[in-house]
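Heads up: the structure comes next, in structure tokens.
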There are 2 protein chains.
Amino acid sequence: MEITFLGTSAGLPTKERNTQAVALNLAPYSNHIWLFDVGEGTQHQILHHSIKLGKVDHIFLTHMHGDHIFGLPGILTSRSFQGGEGKPLTIVGPKGIKEFVETTLRLSASKLNYPITFIEIDNELSYQHHGFEVSAHLLNHGIASYGYRIEAPSTPGTIDVAALKEIGLEPGPKYQQVKTEETFEHNGHIYDSTQFKGPEKLGPTIAIFGDTKPCPNEKMIAHHADIMVHEGTYLEGDKTLANNYFHSHIDDVFHLVDLAQVKHTLVTHISNRYNIEEVDNLKEKLKEEYGRNDFNIVKDFDVVEF
Amino acid sequence: MEITFLGTSAGLPTKERNTQAVALNLAPYSNHIWLFDVGEGTQHQILHHSIKLGKVDHIFLTHMHGDHIFGLPGILTSRSFQGGEGKPLTIVGPKGIKEFVETTLRLSASKLNYPITFIEIDNELSYQHHGFEVSAHLLNHGIASYGYRIEAPSTPGTIDVAALKEIGLEPGPKYQQVKTEETFEHNGHIYDSTQFKGPEKLGPTIAIFGDTKPCPNEKMIAHHADIMVHEGTYLEGDKTLANNYFHSHIDDVFHLVDLAQVKHTLVTHISNRYNIEEVDNLKEKLKEEYGRNDFNIVKDFDVVEF
């Protein structure tokens, strides 16, 4: 899979960073793309990237602050002209996201050429699509803000051809049944498929957080995640101040990484007061200070494969 | 005065052009800036320009299509952090603009630190501010679209010092009265001020059009304008097709220029199918074909002083 950062700034865009948007490419499990948050100018960022809007079939919003949703009306109307025609879109987000989209489209007399399904989260979400399991839980940001946990499908174990030949089953269409079903029939016998293939391979787990100060639900969302995307609005300075503004300090992020045993963390939602060079310097300082190398502070257009 | 194009594309942004926004710098008559239309990403464009959001005290919207208004919520929230604190803003636009702003701000839990006054145009507008006369009239674009006519204040004529000295009035505070009032008193006599100064100098007239197919109101809006900003969505091809889509063909624009005796025309709202080079080539072709040099086809960040 692949995650692309289309915007990594907090609150306001800067010359170097746009407001929030993350694209999750579901390949090899699906040829679709899911967007998480759509700050103003996300469609502009996509112009400079190979992402096709027609491949985006889900947009997830973590919360309703402007730097996370003001690009949504533009993405939706442009999608009509950029490969989205006739391709359904699902928008998942906090209560109010339907009114936001419907009001902006109605007042701008915009007509889309594809249907939208809205899923408004009321406290928590459990959702399945393309074999992915998506759950969302409430964070602590002053307004409703959600963290999404995305579990990729498992891949069936490798067929044990030697063992199947031993029971007289030569390679053929029935091998697919062995691969995907619990049991299969051969010569009047019912066999347990798991005896004829290697162990199932779990797909990666991704946790994508909305803005939040530390809160108990975070551990559940991030538990053993392969990739975690978390805000780090305060990379230095006073932790109490960060939390008073319902945001996380980098120290909070590292605490969560250890608590939830997250494998790799991508820190985004960087304060607009820093330029890229300052952030790179801060990153090196943090690596040294905390003695860790299991994170990155991302920039716009950073791509992470996993 | 000075006009800056912050976005010159039609419908969708391109890599080279943003959606619509025009900044009118009112100096030397006022130190404020007026924006006309605010496509998505206008605040991003302003990051690359010296315009200060705190100096913008009026935003005029020509019509409600997304490529003209989707940048408004972002401009409004960013203005709070970029010099706008405590500085009132007036938003002028078609019916619905108040609901658009209020809904997007409410749903995004945005709190501004300055007051907004809304003026929703019902068919036509007559408005005075900073000594400017602004009028708006309805165009023909399928939805309500307006053309704005902005008349800068007149500058009082130059004082005729010799004539004033002749009646015994030496330079002093009373000269200001001669300059700005119709009459003045000196040694018991009431004088007609116009006899002691040169003719009043008319300020420039600017006409800024929303999207439209040709319609009768256009002539009135553009009459003898020094600068006209007009859409030219169709720079070539079939004129009937352009008009069927409620847009103007470049031929319509030139017809209006002649009809209203406009001095200089800036053609914007360029189809997103052209790149900059193609537009430059088309411009040269049009100059030759129509034998005229009283227009330009503008690009993002073009500045015109007048």
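FYI, residue positions are counted from 1 along the chain as it appears here.
A Cβ is built for glycine as well, from the same backbone N, Cα and C atoms used for every other residue.
These figures come from a predicted structure and were not determined experimentally.
Per TrEMBL, the candidate among A:Asp192, A:Asp211, A:Asp226, A:Asp238 that belongs to the Zn(2+) 1 site alongside A:His63, A:His65, A:His141 is A:Asp211. Per TrEMBL, the candidate among A:His129, A:His255, A:His264, A:His269 that belongs to the Zn(2+) 2 site alongside A:Asp67, A:His68, A:Asp211 is A:His269.
Contacting chain B by the Cβ rule (under 8 Å between Cβ atoms), the binding-site residues A:His63, A:His65, A:His141, A:Asp211 reduce to A:His65. Residues A:Ala10, A:Gly11, A:Thr19, A:Gln20, A:Asp37, A:Gly39, A:Thr62, A:His63, A:His65, A:Gly210, A:Glu231 surround the recorded Zn(2+) 2 site, their Cβ atoms falling within 8 Å of the Cβ centroid of A:Asp67, A:His68, A:Asp211, A:His269, which are themselves excluded. Following the DSSP three-state reduction, the secondary structure of A:His141 (Zn(2+) 1 binding site) is strand. Listed in sequence order, A:Thr62, A:His63, A:His65, A:His68, A:Leu139, A:His141, A:Ser145, A:Glu231, A:Thr233, A:Phe246, A:His247, A:Ser248, A:His269 are the same-chain residues at least 6 apart in sequence whose CB falls under 8 Å from the CB of A:Asp211 (Zn(2+) 1 binding site). For A:His141 (Zn(2+) 1 binding site), the count of additional Cβ atoms within 10 Å of its Cβ stands at 23 [all protein chains shown].
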